[in-house]
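As structure tokens, the structure follows; a few thoughts come after it.
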Amino acid sequence: MSRLAFLRQLACEAGALAHTGFGTAPSSLKGRHDVLTEMDGRVERHVRAAIAAAYPDDAVIGEEDGGESGERVWIIDPIDGTANYARGIAHYCVSIGYLEAGQPVLGAIHDPCHDRLYLAQRGQGAWLIEPGQPDRRLAVSPCATLDAATVECGWSLRRSTEDYLAMVSRVMHAGCAMRRAGSGALGLVDVAAGRIEAYAELHINAWDCAAGILLVEEAGGHCNDFFTADGAGVRDGNVLVATNDALARLLEPVIGIARLT
Ligand code: IPD
Ligand code: CA
Ligand code: CA
């Protein structure tokens with residue numbers, strides 16, 4: 001079985017497992033507004049066990065159990081949008097990315113509430129796979145002006161309220177519409193599918209976006225250099241702006257990313 005086929009099956013299995021606890025899994029707080037459910041750990045353990053059995057030499061990093069990077073590394077967010085998941089709000093997913101030499105090669109995001117799988121392979125496009133439907137190739141929005149753009153502004157307590165509100169203010173003063181739906185991975189899927197024009201977050205972790213960045217790029221979009229040559233993005237997270245080429249030039253300075261060209 002190819003790595004792509006393995007990932008496709010694993011993401012669907014993990015999504016099905018996660019969905020058994022949708023809205024009902026016992027939850028606690030890791031920190032203020034930082035929700036953890038019993039299912040986050042269960043799904044991550046399931047994914048780790050499958051990878052360890054199929055690819056014992058690969059490195060694995062997961063949100064719940066950590067891990068070290070390597071030449072070949074799988075990056076797992078067992079449930080992205082956990083606050084939605086715990087409240088029974090139908091906007092969460094499982095995200096699994098696979099990187100070689102520091103760059104994403106495969107990415108899968110499974111949206112169990114809609115039984116949708118978003119799958120990308122470097123150089124092979126980004127696809128929406130739904131039961132009973134033909135596979136659909138994803139493409140980012142062609143919008144080229146900020147005053148016609150909708151931007152999802154991701155939020156976490158890893159950055160200050162002042163910095164978040166200042167970013168939102170700059171985005172809105174630039175003419176964009178703003179939304180926040182509570183799953184970074186599904187926000188990136190929405191960009192890849194052309195439903196919104198951009199996703200921006202001042203700090204996001206690799207497990208939230210490893211698969212989503214590849215989906216956006218393979219859908220013809222543009223992301224800033226999240227991963228960085230020294231591997232810091234995987235280890236520490238980074239700022240992220242994911243959009244199309246035309247808007248990247250306009251939006252990156254608004255978010256605070258300097259462009260060299
Ligand atoms: C969070 C969500 C949120 C994003 C945060 C993430 P979680 O992940 O993706 O939308 O803004 O940066 O930490 O806690 O739901 O897995
Ligand atoms: Ca997450
Ligand atoms: Ca998570």
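Each residue, glycine too, has its Cβ placed from N, Cα and C.
Among the features that TrEMBL reports, Mg(2+) binding site is placed at GLU63, ASP77, ILE79, ASP80, ASP208.
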Lowest local Cβ density (other Cβ within 10 Å) among binding-site residues: GLU63, ASP77, ASP80, ASP208: GLU63
ASP208 (Mg(2+) binding site) in three-state DSSP notation: helix
Close-lying binding-site residues around ligand 3 among GLU63, ASP77, ASP80, ASP208, where CB distance stays under 6 Å: GLU63, ASP77, ASP80
Near-site residues: Mg(2+), ref GLU63, ASP77, ILE79, ASP80, ASP208, CB cutoff 8 A to centroid: ILE76, PRO78, GLY81, THR82, CYS93, VAL94, SER95, GLY184, ALA185, ASN205, TRP207
Cβ under 6 Å from ligand 2: qualifying binding-site residues of ASP77, ILE79, ASP80, ASP208: ASP77, ASP80, ASP208
Cβ neighbour count within 10 Å of ILE79 (Mg(2+) binding site): 33
